[in-house]
Amino acid sequence: MRSNGCGELRSKHIASNVKLCGWVDRCRDHGGVIFIDLRDRSGTIQITVDPDQGTELFASAESLRNETVLQITGLVRPRPADAINSKLSTGEIEVLANGLEVLNPVTGNLPFTVSIHDEEPVKEELRLRHRHLDLRRERMSRNLQLRHTTIKTARHFLEDEGFIEVETPVLTRSTPEGARDYLVPSRVCSGEWFALPQSPQLFKQLLMVGGLERYYQVARCFRDEDLRADRQPEFTQLDIEMSFMDQEQILKLNERLIAAIWKAVKGIDLPLPFPRLTWHEAMDRYGTDRPDTRYGMELNDVSDILKDMGFKVFSGAIAAGGSVKCITVPNGNDLISNVRIKPGGDIFNEAQKAGAGGLAFIRVRDSDEIDSIGAIKDNLNSKQKAALLKQTGAKAGDLILFGAGKTATVNSALDRVRQFLGRELGLIPTDQDNKLWQFLWVVDFPMFELNAEENRLEALHHPFCAPNKDDLGDDPDAWMERLPQARAQAYDLVLNGLELGGGSLRIHNAELQRQVLQTIGLPLEEAKQQFGFLIDALEMGAPPHGGLAFGMDRIVMLLTGEDSIRDTIAFPKTQQARCLMTQAPAGVSNHQLEELHVESTWVDPE
């Protein structure tokens, strides 16, 4: 039907007869000659329709609407020197049409313009409602082609490393850990339910028990959770698992995988190995386990310096088991007013969103003099001031912002303020140097965190992470006592403050798995009911194994420079988990519900 893609033609094709298919991007009449920009996935080419080629051909071209689907036959020729368009890859040539067939006309009104020549922004709601049209836009086509290149590169890399692709079930059982499941009622097994998988976690471990040794899958996963710009109810993971490899080997292999993707997509050679921080280091220095290391303003714990200070907000927080931390804003005296730090100010509001009651501040003046509220200035002695300025590195003109209280709240508040100021003050580099892509492994996570509401431990990642051998010891009788303080052999890959993926070495000892489930409050009978198939498998010669999963939607978002993963997915959902194009989710008939033995109790408030 066609000989070439529109965007494939170059000067080497001059004097060739070609047959092209595509959409009318725009059509214009210049002095009795009609120029059609014909667009397909590969790009755009200028078609020239001269009346000398026939009146019927010219009349057909005159009546064309944008987005009409055409087939063009013609001769490739050079453009006149004054008509060369350096912005187009095909800008040195054009096609003189000698045949034109309308394959499908546009009969309705277009809700927005698709043309590459129209930079008019379109509301996202309208784009999502007419996604089939939105996908024709150059930006969206480019994003999806880049997504394809990313996944193709990953597949080739893993296959070259001896991995095989295996599909795991989409209809599985609900488990108590993790986010809320999407549930699917079974018609055949009345009263019972499937769950859509949040990840292939258990199945990929069972594949290792089954002796497949190296597995990967481009997996569809589902989580019924509140959404934000980089979350979707259904998403794509590059899921990887391997046997007989230690943590160091797994990290190095996946560094090479990421480097291969960045080389193929961006043409960038990433420096290897990636830096590493322990979880405790990340929390101490950045207040988060997903630190953005492209800029400074790291957190400083100044509790030891200020613990005996007369300012009760500081000394009281420390005495209660909390901490006082600060960040130093370079030249902050000139950039940030007191109004912004006090209640109602934008910086105060950022801290408050993280649960902090407020922020304290010190302004550093010449000769190490300081300005602050009286309660701080009057209660900070010269020794404390000297130690504070030395530890923070603050100099004249700098602003020190303090958080005081529970350490977790202080970390969260100062992390939020740090990110806010990093963006606002232009501290984040945007040029194409190594600082643009700051990869980082965060390792040595705690096995568990406290659920204060329920007064019980929860797995920080999931309950299948293997604990650190040094923390656990070799005596199974001591495991229950040591587990709550143990570190997990877990690792997350972070890029510019965003988590790209994470994983761990897995528990391959059945007794240890039972004890971990007990530690998170799962009774043995319930553990057997929920995870008996896994524990049985671990008793049948399970090999040491581990793996990880990368969020492909987020990776593609970063590679394309988009702000939302919705612009890297062909048919995404909104932040209300709706598809505006198909109007899913939607109601179903009573007959369908009756077949499933399901009754809806929903009452429409209208």
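Using N, Cα and C of the backbone, Cβ positions are placed for all residues, glycine too.
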According to Swiss-Prot, ARG223, ASP224, GLU225, GLU499, GLY551, MET552, ASP553, ARG554 bind ATP; so which of GLN217, GLN232 is the extra one listed there?
-> GLN232
Between 201-204, 325-328, 489-492, which stretch does Swiss-Prot give the note region 'Aspartate'?
-> 201-204
For MET552 (ATP binding site), what is the secondary structure state per DSSP, taken as helix, strand or coil?
-> helix
What subset of the recorded positions HIS30, GLU499, ARG554 lies within 10 angstroms of ARG223 (L-aspartate binding site), using C-alpha positions?
-> none
Students should find that the Cβ of HIS30 (site 'Important for tRNA non-discrimination') has, within 10 Å, a number of other Cβ atoms equal to 9
Close in space, distant in sequence - MET552 (ATP binding site), Cβ under 8 Å, 6 or more apart = ARG147, THR150, ILE151, VAL218, PHE235, THR236, GLN237, LEU238
According to DSSP, GLU225 (ATP binding site) sits in coil
So for ARG554 (ATP binding site), how many other CB atoms are inside 10 Å of its CB?
-> 20
Cβ contacts within 10 Å for HIS461 (L-aspartate binding site), all chains included, total 19
How long is the line from the C-alpha of HIS461 (L-aspartate binding site) to the C-alpha of HIS30 (site 'Important for tRNA non-discrimination'), rounded to the nearest angstrom?
-> 64
Does anything in the same chain, at least 6 positions from ARG506 (L-aspartate binding site), have a Cβ under 8 Å from its Cβ, and if so what?
-> GLN205, MET208, PHE464, CYS465, ALA466, HIS545, GLY546, GLY547
